Amino acid sequence: MKKNYRIAVLSGDGIGPEVMQEACKILNVLKKYFFLSLEIQKFNIGGIAIEREGVALPKTTLLGCENSDSILLGSVGGKKWDNLPVEQRPERAALLPLRKHFNLFSNLRPAKLYPELKCLSPLRSDIVKNGFDILCVRELTGGIYFGEPKGFVNKNNTKYAFDTEIYHEYEIIRIAHLAFKLARSRKKKVCSIDKSNVLQSSILWREVVESVSKKYPDVHLSHLYIDNAAMQIIKDPNQFDVLLCSNLFGDIISDECATITGSIGMLPSASFNEKNFGLYEPAGGSAPDIEGKNIANPIAQILSLSMLVRYGMNLNQIADKIDKAVNNVLKKGYRTSDISHDNNFLKTDEMGDLIVDSLINGE
């Protein structure tokens, strides 16, 4: 880690400021008790930036992010900006340009079900009795979402539309290397998801992944067609470690994995470029319906910070301690409203304080 690590904090909209406040408590612990030299700078993004600075992604925010080592993001968007043209809404005008500006080609979505929370999963109890821990590694800049040509045609009283799935070899190589490197620090298993029995792009995908795998003989590689993968995740999620996916398939599979954990309020995510610059954010949205009620689950934001510490700072032991602090609080039965089956639940700040105490005291 650098002597002085700079983090751009973008709280954003909805519950973003509330959950970010709890993550900032963890940052303060890292400075005071773990003696990390951290420089925290806060900037506007999303709807709040529109209100304060006139645009969803102000130049000051972009410059601040450029001068940082990592970005910690809350959430953007909400119903109050739905009256704006689509291209000016916070989600479109802030997140997409931010990801594009930093060439974030990969997205990591952990989907972990703690045994203590297995009752939340929609899957049968015998399937999730031991929990599961899956990491979805999704290619973020190629594939059918960005392939050209694409279009919508209304001609001779007939309508048709078309999209193009394109993958370049280098795009597959770099995402495959990332997946295998991540697997080395986990259970050393990569399952690559494709549709190579139908799609030419998937034939290349499988061919390239196989080639890259030879450089990681200690990691076991398997392949599944996307339809079978969707079934297997429901049937036995614990069989998986790292899932390597194209843009489209990763979009679908990561949401499926998130759903079977029972609460998206528990799930962090990270996106990287080739220089390992990262954007870390909760997998969920801005949840404007519970904004200001102090009932949002801050765990996804705190675990996003843990990912920043692990992958951005390369401080695995400290990240492990943050993860353990969250786990310890859950083991003791503490819950926020989204993961509680009764009215006996903690407020956002109370959950944050308990995790802070657990991190400081190691219990």
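Placed from the backbone N, Cα and C atoms, the Cβ positions cover glycine too.
Given the structure is predicted, the values throughout are model-derived calculations rather than measurements.
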Substrate site partner of ARG99, ARG138, ASP227 according to Swiss-Prot, chosen from ARG89, ARG109, is ARG109
Across every protein chain in view, the count of C-beta atoms other than its own within 10 A of the C-beta of ASP227 (substrate binding site) is 11
A 10 Å Cα radius around ASP251 (Mg(2+) binding site) captures, of the binding-site residues ASP82, PRO90, ARG138, ALA287, GLU291, exactly ARG138
Listed in sequence order, the binding-site residues within 10 angstroms (C-alpha to C-alpha) of LYS195 (site 'Important for catalysis') out of VAL86, ARG99, ASP227 are ASP227
CB contacts under 8 angstroms to ARG109 (substrate binding site), restricted to the same chain and 6+ apart in sequence, sorted by sequence, are LEU135, CYS136, ARG138, GLY250, SER254, CYS257, ALA258, LEU267, SER269, ALA283
